[in-house]
Each structure stands twice: as structure tokens, then as C-alpha cells.
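**Student:** Here's a structure for you.
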Amino acid sequence: MANVVVVGAQWGDEGKGKIVDWLAEQADVVVRFQGGHNAGHTLVIDGTTYKLSLLPSGVVRGGTLSVIGNGVVVDPWHLVDEIARLGQQGVTITPETLRIADNATLILPLHRELDHFRETANATLRIGTTKRGIGPAYEDKVGRRAIRVVDLADADLLGAKIERLLAHHNALRRGLGIEEVDGAALKTELLAIAPRILPFADTVWALLDEARRAGRRILFEGAQGALLDVDHGTYPYVTSSNIVAAQAATGSGLGPSAIGYVLGIVKAYTTRVGEGPFPTELTDAIGEKIGERGREFGVVTGRKRRCGWFDAALVRQTVRTSGIDGIALTKLDILDGFETIKICTGYRLDGRIIDHLPASQADQARVEPVYETIDGWFETTAGARSWAELPAQAIKYVRRIEELIGATVALLSTSPERDDTILVHNPFED
């Protein structure tokens, strides 16, 4: 029996929600280990759609403990709202079903304001964030001035920490021409929300270590995609946290040996939200067709996603940087009916063929995709639950992806419904 880490292997929006829900039904504990409420998950269970952005997917499953790890930045006001919204759908969340790391960093209103200012002040410098304060909160964490969950329990210490925090932020805001933050007002806001957050606070690293030693199945739920990783992604058009599988250990307080099986979620084509390089992007009618069929709009922002052909070079890179053992291939049905389909196998840069996306921002913008073209299929793959139900050419496409990325398919998803899944290998049984 293995613990399982789920990571997006592209730029996010790969369909992790459905796969995580399928795995969460088998897990005892589901852990979020990075990011914040900037990445949405959509779950469809018995005809009901649940949209999550901060809470682990396990919250909609009775009998499963959900954990927000220390690697997550937590907006306490959003957390309260998300819990209330799920409550209206019949999902009850209590301290018995949800734990939050007491050493997790808080997102404050000043973080959201700074994020929004940076994204709107100069269009040429825009990264394409969700403007929800994620990046500025991580900056304060690394700068050793962050307010953490545990600080809400000590009013005197909280006041001192706010003073230290504002010594930095108000100097910055003066330089930017933004109104300064009143420390007393911020303290009042935090003390008001504290009673709704502190009951969930716990020493998460100890809780998870106990669960591991007891042989409980732990599912580590990644948000976004590894190509947005602050180190291994398309920098600077990335998020502000590490997303690769190794972060599951750091962001939860467990050792690397606790990770177990790494499952990469891979869409059968490629999408991206926001700015940044996208070698296989299709700006023509084909790209529009893929986007319309795949309903490619962000869960959190509603932004239209950019669409393109499958990029095997990028996914192969992620397989290596995350140590992916197997993949879950999603949205194969969106490619039904295409006469031909292209797969990017590498790039052309200055007359040379390279097999990975270079680190240089300038080179990333200049690479040209090298494609191979395969025949498509006209039969439907939607709703298939066995290999026998798939068209031969669709199987050929899947097998070619496996060859090019160096990882095998463990699960194949053919619709948003959780049961429309072809299981090849259960990651928990590795």
C-alpha cells in the first residue's frame, strides 16, 4: 500500500478534481500542500457539482480527514466563505473533518491589494495572477514577517507581528502611492475572524506522521500544474510556490519517504491561463474548437484558457522533475472527430532540435514546436469505461503519448463523470 501524490503535469486545469475525488474515496486523509485559493477544483458527485479552491477535495467525502498543510497560504475570510457555501450544499465541515497547519501563512487584505496593484499598474509587467494575494503572502513568508495561523491565538504577539509586517508594507505602499494600512484596524479584523479559524488549527506534521505510522492511506492533493512551479516552471510566468511532487513532503511536514506513488494528471491536449510562453498554442479555428468542446474557462476567475496541441516535450520534463510514476490522461473525448492530431515531440531553436523547454525566458519565447501528425478518429470515446470501448486510433494516440513522455497511463478519463474512467493501475496498490 502506498501513499499517493497527485500533481498537475502541465499548466494546471488538467482535470485533477475528478481524479482526486476518485482517489479520495479510497483515502483516509487528503492533504493540500501548496498554493492557496488561486486554483479551482470542480467535482461532480451524484449529479451535484462542487467547486473548491482552498479546501481539500476530501471534504465532500464522509469519513475522510482533510488537511491544509503548512505549504498552503490561507485566506481566512475566503476559507470561512467556502465552508459556508459548501454547507448550503449539504456538506458539513467541522474540526473533526478539517485540520489546518498552525504554522501556515495567512493571506491578508494588504496582500490582495498589492497583488491587484501590480497586475493592473503596468500591462507590460503583468504576470497573469488571480489577484488574490498569493504571491505577496509567500513573499512575507520568505521574508520572515508573515502572520501565521497560530499567531491568531495571542493578541499581544499578533500586535507586535503586525507592527513588523507594516514597517515593510507601509514603506512599500508609500513608494507606490497607495494608502497606508492601519495596524489597529488590521488587528481588529484578524481577532474577529480568529474564533472561526483557530478550532481547525493543529500540529499537522505530527498528525500526519501518526497517520502514516498507523498505515492510513494519505492522498496529497496538488493544485495548479508543475509548469507553474516557481523553480521548474516557465519563470517568471509561474505561481509563487513549488508544485512538483517533492513539495508534498515539505508542504505537509513529512519526510520524502512518505510520498509514495506520484500520479501526474495530463490533459490529452494543452491549455494555459494567463501570460507566458505556450509553444503549441493554437490561435485558429482548431484552438477555438478545442476550447469550446472542453469548456475551457477557469473555475476561479472565469478566464478563457488558451488551447493547443499536446506537448510531449513539456510533459516529459515534468515526469522527470516530479518523479512521476504514472499518469491519469483526461479529456480524451474532446479530440473525437479530428481528422488528424498533432503531438509536439521537441523544439527547434536557432536551427537546433532540443528535447526540453530551456530556462531562458527569451529562448522560451523563440522555440518552435516540432510536430508529428497522427490520424484522428471519428468514433466517440466519451463515456468509455474499458479499452475495448475505445477506437483503435485513440488507443494508438494514448500509446504514443506514453512512449514520448516516458510514463504509462494508470487511469484514463473519458468524461467529467467519475465512473467514466478506465483503470489500468490503482496508485494506492503500488
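Heads up, the Cβ atoms here are built off N, Cα and C, so glycines get one too.
For 12-18, 40-42, Arg305, 331-333, 413-415, the entry in Swiss-Prot reads GTP binding site, with the evidence type sequence analysis. Residues annotated as Mg(2+) binding site in Swiss-Prot, with sequence analysis given as evidence: Asp13, Gly40. For Asp13, Glu14, Gly15, Lys16, Asn38, Ala39, Gly40, His41, Thr130, Arg144, Gln224, Thr239, Arg303, the entry in Swiss-Prot reads IMP binding site. Residues or ranges marked as active site, proton acceptor by Swiss-Prot on the basis of sequence analysis: Asp13. Feature annotation from Swiss-Prot assigns active site, proton donor to His41. According to Swiss-Prot, the substrate binding site annotation covers Val299, Val300, Thr301, Gly302, Arg303, Lys304, Arg305.
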**Student:** Identify, among the recorded positions His41, Lys304, the residue whose Cβ has the fewest other Cβ atoms within 10 Å in this structure.
**Tutor:** Lys304
**Student:** Provide the three-state secondary structure of Lys18 (GTP binding site) computed with DSSP.
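**Tutor:** It is helical.
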**Student:** Which of the three DSSP states, helix, strand or coil, fits Asn38 (IMP binding site)?
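**Tutor:** It is coil.
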**Student:** By CA-CA distance, flag whichever of Asp13, Gly15, Lys18, Thr42 among the binding-site residues is nearest to Arg303 (IMP binding site).
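**Tutor:** Ranked by Cα distance from Arg303 (IMP binding site), first place goes to Asp13.
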**Student:** Check the DSSP secondary structure of Leu332 (GTP binding site), expressed as helix, strand or coil.
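**Tutor:** The residue in question, Leu332 (GTP binding site), is helix (DSSP, three-state).
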**Student:** Take the C-alpha atoms of Asn38 (IMP binding site) and Gly302 (substrate binding site) and report the distance between them in angstrom, rounded.
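**Tutor:** With the alpha carbons as reference points, the distance is 12 Å.
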**Student:** Nearest to Leu332 (GTP binding site) by Cα, among Asp13, Thr130, Lys304, Arg305 (binding-site residues)?
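**Tutor:** Answer for the nearest of the binding-site residues: Asp13.
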**Student:** Which of these binding-site residues is closest to Gly12 (GTP binding site) if you go by CA atoms: Thr130, Gln224, Gly302, Arg305?
**Tutor:** Gln224
**Student:** Find the one among the binding-site residues Gly40, Thr42, Thr414 whose C-alpha lies closest to that of Arg305 (substrate binding site).
**Tutor:** Gly40
**Student:** Name the one residue among Gly40, His41, Gly302 whose Cα is closest in three-dimensional space to that of Gly15 (GTP binding site); these are the recorded positions.
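**Tutor:** Closest candidate to Gly15 (GTP binding site), judged by Cα separation, is His41.
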**Student:** Which three-state DSSP class does Gln224 (IMP binding site) fall into?
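**Tutor:** It is coil.
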**Student:** Would you kindly give the Cα-Cα distance separating Thr130 (IMP binding site) and the residue listed as 'active site, proton donor', rounded to the nearest Å?
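**Tutor:** Taking the Cα atoms only, the residue listed as 'active site, proton donor' lies 15 Å from Thr130 (IMP binding site).
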**Student:** Identify, in sequence order, the residues in the chain of Thr414 (GTP binding site) that are 6 or more apart from it along the sequence and have a CB within less than 8 Å of its CB; answer 'none' if there are none.
**Tutor:** Leu332, Asp333, Thr381, Ala382, Gly383, Ala384, Arg385, Asp420, Thr421, Ile422
**Student:** Rounded to an integer, what is the Cα-Cα distance in Å between Gln224 (IMP binding site) and Gly40 (Mg(2+) binding site)?
**Tutor:** 8
**Student:** I need the CA-to-CA distance for Thr42 (GTP binding site) versus Asp13 (Mg(2+) binding site), whole Å please.
**Tutor:** 10
